[in-house]
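**Student:** Grabbed the feature section from Swiss-Prot, which reads as follows:
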- 14-125: domain 'MTTase N-terminal' (DOMAIN)
- Cys23, Cys59, Cys88: [4Fe-4S] cluster 1 binding site (BINDING)
- 149-378: domain 'Radical SAM core' (DOMAIN)
- Cys163, Cys167, Cys170: [4Fe-4S] cluster 2 binding site (BINDING)
- 381-452: domain 'TRAM' (DOMAIN)
Amino acid sequence: MKQNNLNVKEKKFSKVAFSHVGCEKNLVDTQHMQGLLDKDGYEVESNINDANIVVVNTCSFIETAREESIRKILEYTNQGKEVIVAGCMAQHFKEELLKEIPEIKGLVGTGDYQKIAKVLDRVEKGEIVNEVSKIPEFIADEEIPRFVDKNKFVAYLRIAEGCNYNCAFCIIPKLRGPQRSRTIESIVSEAKSLAKQGIKEIILISQITTNYGKDIYGKPSLAKLLNELSKVPIPWIRIHYAYPTGLTDEVIRAFKDSKNIVPYFDLPLQHSHPDVLKSMNRPWQASLNESILEKIREEIPSAVLRTSLIVGFPGEKKEHFEHLLEFLDRHKFDHVGVFIFSPEEGTAAFDLPNKVSPEVAAARKDNVISVQQNISKDKNQSYVGSKMKILVEKISDNNELIGRSYNFAPEIDGNVILSISANNYLRNYIGKFVEANISFADEYDLYGETIKIL
């Protein structure tokens, strides 16, 4: 990645690389740290083997993410790298990490990544640094340097940080702090900058995007933000983490009225049964699930719906799970992510009785996946014979174009794989939109033939 910046301080001797674990919100933190170190004169490497310092930006949302984070920390300390641990694990387990892995040179909390250059300076002087605020309060704006990989043509745009909800299963409010939104002007400014860099799609993220602005404007202001962003020359704007309570008439109208806001609704509903939702401390949601899904389908027939679900939550009975399967069959989501409940110490759900056995939880997850695969396959096959607009992102080993239509979000959904005449120079298509004829579909991906560059 070796970036060159004319407005940097004196060149540092250390070479720094990053290892990233976790969600796209964590990825934005990593990109800001990369930008800050580059500005401060550090050589930021894409190859960890070439670096003497490794910043591991960790995730602590569920047990498997923590295990992956620890594996990476130990891998790099065993290689003799100077390791700095950033992110949610640093926030969650600062004392334990320094005690159990004394090779760690520094910790950087979720609200402290803007201090990364000073942390490295102190580490290089031999200090063991613990830079973790008790309550995270910082959120980066467009003035904080950020490295964005333009080769991917997609960028995440964080509109708020933290969360004021207290879902029983979720540790995030304790790790990320209370909600703090950026101003509309700040977000639009960054979106314009990304457009100038050639980004073709921005994805708005926060813990709850539909609560955006409530802390600074006195009420949720996502609709107003979308109306302003619709004026920015970005072909696709996608919204993740929308909650049913915030999908007001104004927000849905903004989706309908804006040409570049794609009708893709990412709704982390978690469950359908009122009893389970009450145990999850989301009692308000049960009465809204049905009505909001029906409203979206009615108002925007082309809408694509994605949700994430938790199975095996304490107290989830057979009838609760059957209710969930019926819910999936009735509403036929385009995409579903399903997770087995992970008991997190410090959450209300950690001590709940009536635990579901791991075997039953795993079987329920497999059942959801099986049901959804059939639904997704039917959904995808409905596109066969149609022409679609595709953003081409890379070339396969078989010299096919790989991209996405608006109904596929990056990383979590499927791809569109396109054949093309051998006489064409394939790299000319990377980062461009093409028109394609869809000729085949399976439960995950679409396949077709390229017609022309749009």
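From the backbone N, Cα and C atoms, a Cβ is placed for every residue, glycine too.
So where do these features actually land, and what's packed around them?
**Tutor:** Broken down with DSSP, the domain 'MTTase N-terminal' (14-125) shows 59 helix, 26 strand, 27 coil.
Model confidence over the domain 'Radical SAM core' (149-378) stands at 96, taken as the mean pLDDT rounded to a whole number.
Here Cys163 ([4Fe-4S] cluster 2 binding site) comes close to Cys170, Ile172, Pro173, Arg176, Pro178, Gln179, Gln207, Ile208: these same-chain residues lie at least six apart in sequence, with C-beta atoms under 8 angstroms from its C-beta. Under DSSP, Cys163 ([4Fe-4S] cluster 2 binding site) is assigned to coil, being neither helix nor strand in the three-state scheme.
Residues in the domain 'TRAM' (381-452) partition by DSSP class (helix H, G, I; strand E, B; coil) as 5 helix, 33 strand, 34 coil.
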**Student:** Would you say which of the binding-site residues Cys23, Cys59, Cys88 has the most Cβ atoms within 10 Å of its own Cβ?
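**Tutor:** When each Cβ's neighbours within 10 Å are tallied, Cys88 leads.
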**Student:** Inside 8 A of the center formed by the CB atoms of Cys163, Cys167, Cys170, which other residues of the chain have their CB, for the recorded [4Fe-4S] cluster 2 site?
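**Tutor:** My list of surrounding residues reads Tyr165, Asn166, Phe169, Ile171, Ile172, Pro173, Gln207.
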**Student:** Express the distance between the Cα positions of Cys167 ([4Fe-4S] cluster 2 binding site) and Cys59 ([4Fe-4S] cluster 1 binding site) as a whole number of Å.
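**Tutor:** Given the Cα positions, Cys167 ([4Fe-4S] cluster 2 binding site) is 18 Å from Cys59 ([4Fe-4S] cluster 1 binding site).
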**Student:** Give the three-state DSSP assignment (helix, strand or coil) for Cys170 ([4Fe-4S] cluster 2 binding site).
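**Tutor:** It is coil.
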**Student:** Within 10 Å of the Cβ of Cys167 ([4Fe-4S] cluster 2 binding site), how many other Cβ atoms can you find? Include all protein chains, please.
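**Tutor:** The Cβ of Cys167 ([4Fe-4S] cluster 2 binding site) has 20 Cβ neighbours within 10 Å.
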